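Contents: one structure, followed by commentary.
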Amino acid sequence: MGERKVLNKYYPPDFDPSKLPRVRRPKNQQMKVRMMLPMSIRCNTCGNYIYKGTKFNSRKEDVIGETYLGIQIFRFYFKCTKCSAEITMTTDPQNSDYVVESGATRNFEPWRAEDEEAEKERQKRESEEMGDAMKSLENRTLDSKREMDILAALDEMKSMKSRHATVSVDAMLEVLQRTAAEKRRKVSEEVSSNPTDALTKASSLDGPSSKETSSESGNRQAKAPFKPSITISVVKKPVLAANGNVPGQSEEKFANNTSTGLQSLCQNYESDDD
């Protein structure tokens with residue numbers, strides 16, 4: 001089995017290649033080539049779209065009399081995948097591309113339009129700088145300024161990336177914890193400096209019931225001064241007068257009567273409010 005796959009051929013010792021007859025082949029002889037479609041096209045016969053990368057068998061021949069800087073131009077014949085209509089295309093070594101000759105049209109490609117616009121701008125600039133030295137100097141100055149701006153932007157991006165690379169995860173967590181601790185400390189200081197503000201804030205967040213209770217407590221606090229909570233009485237040793245009566249006894253009775261009258265009035269006032 002191994003002998004069947006040998007690629008080397010035996011040449012006898014008396015073999016002379018110059019004695020072999022030369023085969024005369026036509027210049028436009030066609031040969032079969034298996035290739036892939038280098039661009040997307042649309043068939044003119046049936047309107048079928050043939051996309052880039054489609055594999056097919058084609059016939060290749062030399063285009064007689066057409067070369068570019070000594071490079072031969074080739075023509076390819078292949079058929080549509082739907083209607084089998086023949087389509088031809090040729091190589092374009094000047095633009096490193098292919099040109100569809102007949103049987104189909106090339107689909108629109110945005111990058112080709114961009115390249116064409118860039119080529120037109122380049123040719124226009126070259127024609128302007130052809131006889132104007134000042135214009136060429138201005139263009140070179142603008143190009144150098146643009147390059148400097150690009151380099152500055154690149155340096156800034158590199159420095160930013162290096163700064164981000166030096167920061168570790170542990171350092172970031174430590175900074176976040178420190179900032180959170182500082183915020184908590186500030187809040188505690190504010191509460192300790194103004195405790196009444198914290199109480200008022202808490203009472204305002206309670207709701208309508210807290211407002212009613214606070215109003216009732218305020219009313220009670222306003223009524224509190226009218227209620228005698230503590231009575232202080234000073235008793236002196238009575239001194240007998242000449243007529244046998246204690247001097248100031250009548251005045252003391254009058255004061256006691258007035259105090260009991262005030263107490264009864266305050267109690268009646270509270271009962272009415274309740």
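A Cβ is built for glycine as well, from the same backbone N, Cα and C atoms used for every other residue.
Unlike curated records, TrEMBL annotations are generated automatically.
Noted in TrEMBL for the protein shown:
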type	residues	note
BINDING	Cys43, Cys46, Cys80, Cys83	Zn(2+) binding site
COMPBIAS	109-128	compositional bias 'Basic and acidic residues'
COMPBIAS	190-220	compositional bias 'Polar residues'
COMPBIAS	255-274	compositional bias 'Polar residues'
REGION	109-132	region 'Disordered'
REGION	183-229	region 'Disordered'
REGION	243-274	region 'Disordered'
Subject >> Other same-chain residues whose Cβ falls within 8 Å of the Cβ centroid of Cys43, Cys46, Cys80, Cys83, the recorded Zn(2+) site, in sequence order >> reply: Asn44, Thr45, Gly47, Asn48, Thr81, Lys82, Ser84, Ala85
Original post:
Whose Cβ, among the binding-site residues Cys43, Cys46, Cys83, has more other Cβ atoms within 10 Å than any of the rest?
Top reply: Cys43
**OP:** Could you tally the C-beta atoms, other than its own, that fall within 10 angstroms of the C-beta of Cys80 (Zn(2+) binding site)?
**Re:** 21
**OP:** Using DSSP, tally how many residues of the compositional bias 'Basic and acidic residues' (109-128) sit in helix, strand and coil.
**Re:** 19 helix, 0 strand, 1 coil
